[in-house]
Amino acid sequence: MGLNPGRHRFLIVFIIFLSEGHFRWVEAQQCVWYGECGESVKVHGKKYNCNYTGPPLPLQPEGHELLTELCPGLDYGDRSLCCNVDQLNTLKGSLQLPLQFLSRCPSCFFNLMNLFCELTCSPHQSQFMNATEISDGSVVKVTYYIGKTFANAMYNACQDVQLPSSNIKALSMLCGRDAKDCNATNWIEYMFSTDNGQAPFDIKPIFSDVPVAKYNPMNNKTYACTEGLEDGSGPCSCQDCAKACGPKPVPPSPSPPWTILGIDAMYFIMWLSYVAFLLIFLGAVLGAWCYRKRVITSEYGPIFDSNNPLSLNSDDPNQGSPTCFETLGERFENVLRTFFSCWGSFCVQHPVAVILASTALVIAASSGLVYMRITTDPVELWSSPSSQARQEKDYFDQHFGPFFRTTQLIITTPINDTFIYSPYFGGSDVPFKAILFKDILHQVLDLQLEIENLEATYQGQKVTLKDICLAPLAPYNNNCTILSILNYFQNSHAVLDHSEGDEFFIYADYHSHFLYCVSAPASPNDTTVLHDPCLGTFGGPVFPWLALGGYDDTNYNNATSLVITFPLNNYLNDPEKMNKALAWEKEFISFMKNYSNPNLTIAFSSERSIEDELDRESNSDIKTIVISYAIMFIYISLSLGHIHSFRRLLVDSKISLAIAGILIVLTSVCSSLGIFSYVGIPLTLIVIEVIPFLVLAVGVDNIFIIVQTYQRDERMAHEELHQQIGRILGDIAPSMFLSSSSETVAFFLGALSNMPAVRTFSLFAGLAVFIDFLLQISCFVSLLGLDAKRQEENRLDVCWCAKLSEGQEAKTEGFLFRFFKKFYAPFILKDGIRPIIVAVFVGMLSFSIAVMNKVDIGLDQKLSMPDDSYVLDYFKNLSEYLHTGAPVYFVVEDGLNYSSPEGQNVICGGVGCNNDSLVQQVYSASLISNYTTIASTPSSWLDDYFDWVKPQSTCCRFYNETGAFCNASVVNSSCVSCRPMTPSGKQRPVGEDFMRFLPMFLSDNPNFKCGKGGHATYATAVDVYPNDTGVGATYFMTYHTILKESPDYIDALKMARALASNISQSIDHKVFAYSVFYVFYEQYLTIAYDTALNLCISLGAIFVVTTVLLGFELWSAVMVSITIAMILVNMFGVMWLWSISLNAVSLVNLVMSCGISVEFCSHIVRAFSISTKKTRVERAEEALAHMGSSVFSGITLTKFGGILILALSKSQIFQVFYFRMYLAIVLLGATHGLIFLPVLLSYIGPSVNKAKVFAAHQRHAGTEKERLLKY
């Protein structure tokens, strides 16, 4: 019986199917290689694997532990694998860098190890691998079939992993290109390429999720970065896994501008207020005018006081009785008058004794100048020792050392050209700007090497850069830190010229090396065929954003400038070494000033540059200042005399008296400086430059008042000279005492300021003004008596020996006095003029109030430099080209327990760390850098230490016999891993283990086998207790975004402090932010408040003193305070119009303007208050006529000529803060004191003090002075 043909065919097919399945299953259990054979011809020191197509073989027992460590997924059964122990050791060595960089994200590293374990040891190798080239029994080329799903999942888990020490993505070190250009495909291709210096032979990856030919792609299980592993490892942190984060933080929307009906609110409000004021005021004036037309009465009465008997419309002295306060005021006035009259008479009678006593006291006080110290340290000048920024700076310096000194060059080229580089191994064309042309780089390298070789001399010793530079790896590596892209080429012309190629093509040259290094600056070996290191010769990375400028986004090849920075050690507590650093910087500046290269445009600066230029500026401005004061002196000397006729010119002139008066002003300044020098208070340049101007304004005004009052006075019958001068001093000295006391008290209260510059100025100014007053009512009065005797004897001025024969001519009124009395005062107090003046000045006030909040805050550092300074070019290029701001350190103060898991979790940024840890919060802030000004993730010594100490890593080892640290580059069998490969050993070190290995980490220099060594990056970041017993203060560094103007710096400070405050609250431990510029810009956080407080205190002091010294006339003090307040407010209007920012310098000027304004106002108000005229208009006219001319000639004209000279200064700070502000002070003071104030008094001035009227009538009854009461 035969077989059925159909059934026979089915059986054959079934047998064939089973056979093919069996053969495929057998093939799946075959290896591609086993063991290691010959040396790799492409990568020195690496070996090929031996060709082997048999079944997997059991792993030798000595490899079991290593298999568990590297490939736990293959650790099952009899451990039959396609690799031996040698291959596992090679695998471990090859994966050291990925381990150090990626193991902070467990799922990422697990997936990566899966890729390499399957490649190296999988018992199913033949299923997804094909040996495509075999030579002498060695596999020299294979094809590796990998599932797309696996590749993408592995990349997705790793793409966000950070390098804490360098603030870049880990894939930038492992992908052969910038992380932003990396993807799953090119990353794996790079790792399998012999070009990376690690793979001994080429492995060609084929990516597919479906079988290709007879191969099934390796598509093992992967873990996302948000998933934990089966061994208990947690998911990756937010910093290393974007998907683990919540929504990206969104910065708050900026507050919209305050507007009303689309108009700036302040403009709108002040405009409405001004219009309302005009309507009310003009209505009142018009109503008063109409009423006066019907009822004939006194001028000012109808407006406010028409029926008040105190208006003195009649001469009846019995009209009304004085109030208690009026009587008290008159008695106080009488006490002052009597005292000063007696004192003036005494000084004239005993001039020699008074002058000698004054001279002796001045010499004694001025002798303190031998102890004088001038502060030029900007920190001491602008930052109070008790301020937050200063205390934080001191804390930082104490625990970590002072911030290094910076010498920097910003180099551009006039060549405008672009070279298109085409990579040999494919990729897009890359344009290179001219500054990156090789010949330009060679010229820059020549310059850099010349600077490195500069030799300065200090006390006969040679000083080179190596003597003072920052060398983080010393003494193992003494190379200086030089942040320059030429360090990518090891600062070598040969390395810069290094290229690989043949006679037809260039495979790699400096272009390819540059492109790799800017994406992986910490790499010890680039991925091109050059295999040159990117690490600088000093052992650290040079980040491209620090060494390049003028590029867009991260396209560093488009850079238009090179930035070369030489950090120098800052020896704050070692004067000897500090002077050496200063000597080298001086030599550097001299060299750069004389350097010339037509292909290079160089802006440069050193740490001493700003201070040097300020000194040069001060010296260059001495000539301008001397000319300014000389003009004022000449004017005073010539205008103080009252010349009756040409032939009496030398008799009536008062040149010698004027010179004596000026000397008194200067000696009062010297006495003030000397007294405070005795106490040990240092001077500042502001004190030296501003106080003479202030005291000259106050002193000269008093001199003019004394002399001109004497010149206008008629000696009464039976009155001797000393009695006349005594009587005159009794009349005017209370006014001088009022102004000087107001200024002195206001200045001394201004010393309450926290700003050192303002406090020092206020102290020196207050004492100088008071001493000047004392000398004027004593020494100057004695000199006036002597000069009066000379004039009466017709002796010549200066040359007292010579004498004219003709008799004395009658006294006449001076031109200015006659002008003020006959024309000016009557004119501005006319009925039709006064409302216009009020409207104009209130309009100015309204405008100034509207723009007060628009005055800029800060000090443009460019203004502090002379207009011909080389530093200006540096500042300009700094803001134009640089892309990264200053470093910012988040300092964790002493007291946190880093040995405990709780202490670690509130700081670190890796697996298991708190979501609101310090590192995580700073990282989150960097995601919205446009708002927070935090540019990047912080470098975290704690996270790098955890990676460094892991047992899988070869970084942490020690000698088994001695326990001493064993560097990863050391080959010694006695070196053992710090921690065991146990579950507990894989955890973070805590307790004693933490402190046992931390000093090793901080002393470990990074190398090819271990890139995590902390010596270069973190040696100064951790303050370890003596004997390594614990960790004290530490810092975590990142960078600010680029900061260009003062508002940027102020905003950066505010944001950093807000972030530090949030961190402190989250971790329940004090954390503060520190950057080198904080001490200078902290003042601007409260400058508006400080300004308001200082000026209000000064105004309050002026109000109180004026009230008391005017005999408790409250309303008179109100008039003075209102006028000074208007001057100050209008100063802000001028500052806005003239682009003068609010800072310590302008605040000093505002405090000074408050003092000078007293001179413009108090004399007029006091003259008004003691006037016995019947109406306010008449009293205002009399006060303006008698005091206005002295104030005008004593302050306004004196200062005007001197101020105009300041406009010629080369110093921009002089032009802005002295010329402009001084001019505004004098003009506003003069216009308010001589125009607005008399008009204001004519409307609402205080009523006449009846007690003073009665006293004046009684005092002058029956004398020639009585007629003056009727004016």
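Note that Cβ sites are derived from N, Cα and C of the backbone, with glycine treated the same way.
As recorded in TrEMBL, the features of this protein are as follows:
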- 1-28: signal peptide (SIGNAL)
- 265-291: transmembrane segment (TRANSMEM)
- 352-374: transmembrane segment (TRANSMEM)
- 437-464: coiled coil (COILED)
- 621-786: domain 'SSD' (DOMAIN)
- 626-643: transmembrane segment (TRANSMEM)
- 655-679: transmembrane segment (TRANSMEM)
- 685-707: transmembrane segment (TRANSMEM)
- 761-786: transmembrane segment (TRANSMEM)
- 832-852: transmembrane segment (TRANSMEM)
- 1092-1110: transmembrane segment (TRANSMEM)
- 1117-1138: transmembrane segment (TRANSMEM)
- 1144-1162: transmembrane segment (TRANSMEM)
- 1183-1209: transmembrane segment (TRANSMEM)
- 1221-1244: transmembrane segment (TRANSMEM)
With contact taken as 3 or more Cβ pairs under 8 angstroms (pairs 6 or more apart in sequence), are the transmembrane segment (265-291) and the transmembrane segment (685-707) in contact?
no
Stretch contact, the transmembrane segment (685-707) with the transmembrane segment (832-852), Cβ-Cβ under 8 Å, 3+ pairs:
no
I'm a bit unsure how to read this: which one of 352-374, 832-852, 1144-1162, 1221-1244 has the highest number of Cβ pairs shorter than 8 Å with the transmembrane segment (1117-1138)?
1221-1244
With contact taken as 3 or more Cβ pairs under 8 angstroms (pairs 6 or more apart in sequence), are the transmembrane segment (761-786) and the transmembrane segment (655-679) in contact?
yes
For the transmembrane segment (655-679) and the transmembrane segment (832-852), decide whether they are in contact, meaning at least 3 CB pairs lie under 8 A, counting pairs 6 or more apart in sequence.
no
I'm a bit unsure how to read this: which one of 352-374, 832-852, 1092-1110 has the highest number of Cβ pairs shorter than 8 Å with the transmembrane segment (1144-1162)?
1092-1110
Would you kindly list the residues that approach the transmembrane segment (832-852) from elsewhere in its chain, counting only those six or more residues past its ends and only Cβ-Cβ distances under 8 Å?
264, 266-267, 269-271, 273-274, 277-278, 281-282, 285, 1126, 1129-1134, 1136-1137, 1231-1232, 1235-1236, 1239-1240, 1242-1243
Residues of the same chain, at least six outside the transmembrane segment (1092-1110), with any C-beta under 8 angstroms of its C-beta?
329, 332, 336, 734, 737-738, 741-743, 745-747, 749-750, 752-753, 758, 1116-1118, 1120-1121, 1124-1125, 1128, 1147, 1150-1151, 1154-1155, 1158, 1162, 1165-1166, 1169
Average pLDDT across the coiled coil (437-464)?
95
